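Features of the protein shown, as given by TrEMBL:
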type	residues	note
TRANSMEM	20-39	transmembrane segment
TRANSMEM	51-70	transmembrane segment
TRANSMEM	177-196	transmembrane segment
TRANSMEM	203-222	transmembrane segment
TRANSMEM	242-267	transmembrane segment
Amino acid sequence: LFDGIYPFYPQQRKAAVFDISSIIVIVVFLTLAGSFLLIIPGIRGRARWYWTLRVLLSLFVGLVIVVVQFTGDWETGWVQANTSYKSFSPVQVNVDIGLHIGLAGVNVTLRGNPVKQINETINYNEHFPWSFGADYDHSYSQGLQKGLPSPILYVAEKFRSQSPCAVHGQYRIAGHYASATLWVAFCTWIISNILFSMPVLIYGGYMLLVTGAFMIFSLLSFSTVRNSPMCLIQIGTSTLHVAYGGSFWLMLAVGLLCFVFGIAVVAMHHLNLDLLKTFFDLREDTAEEYQEMSEVFINSHFVNKSL
């Protein structure tokens, strides 16, 4: 021991709870939503509820498109196993091992059952990036130098570029194109909001359909990783299997929601345009223009003069 800890383990690692980028995106969209809620009392009548529904729904779609870029649960998997904790040590620990795959990298989680075992706190969450500009193999080498627990290194090794599994390149390219497609969807989402503020609402509906299409394309791009069989991740007597995670299914749901609302706008444009304009607060209220005056005052001096 050196100052009470093993020299090969310079510090106790702590599990990461939140991703900073996701927090920033969520705070920005919540600020926009809060600002709108402050001015909503100034809108009169039923238009207030129409504005609330449209703005909050639109902000939710934009939030999902951006935040899933930074999440790590496009594919997830958990397994409980008895395994060795350190290299060159016969000591076995009971742990939960999690694999979380995102567009920009992979997170490997290690949590003890219980957390306190062999006089240590077993609670890790290590990120290994593979986005363009990041070196996955270098991050893995740094993990070796840090002396990360053996289960984390074993799982992370499966995604190395030199691994016989040969899934590194496919995950990297699939994540890159899925991310690029989502950024295009974000741009079309902005354009759809601009078009919905104009009198010709059908073009906003078309652009909302394009937004949903690009969101579905991102899912198809990421799904190409299933074309090659995943390496068997055997930990002790247990096998770690991965399946589509929360971000994948959330993106699918929001993409279908964009299709539904886009089709609804296009259909209402052809079936009931007045109702559509009422919902978007674009209907011209001409009632006041033709409202009869209840009382008229006439200046008799000017009337007699003109006569």
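Every residue, even glycine, has its Cβ placed from backbone N, Cα and C.
Remote same-chain partners of the transmembrane segment (51-70), defined as residues 6 or more beyond its termini with a Cβ less than 8 Å from a stretch Cβ, comprise 19, 21-22, 25-26, 29, 32-33, 36-37, 40, 43, 102-104, 179, 182-183, 185-186, 189-190, 193, 196, 211, 215, 247, 250-251, 254, 257-258, 261, 279-281. As a quick check, the transmembrane segment (177-196) and the transmembrane segment (20-39) miss the bar of 3 or more Cβ pairs under 8 A, pairs 6 or more apart, so the two do not touch.
Long-range contacts of the transmembrane segment (20-39) within the same chain: residues 52, 55-56, 59, 62-63, 66-67, 69-71, each at least 6 residues beyond the stretch ends and with a Cβ under 8 Å from a Cβ of the stretch.
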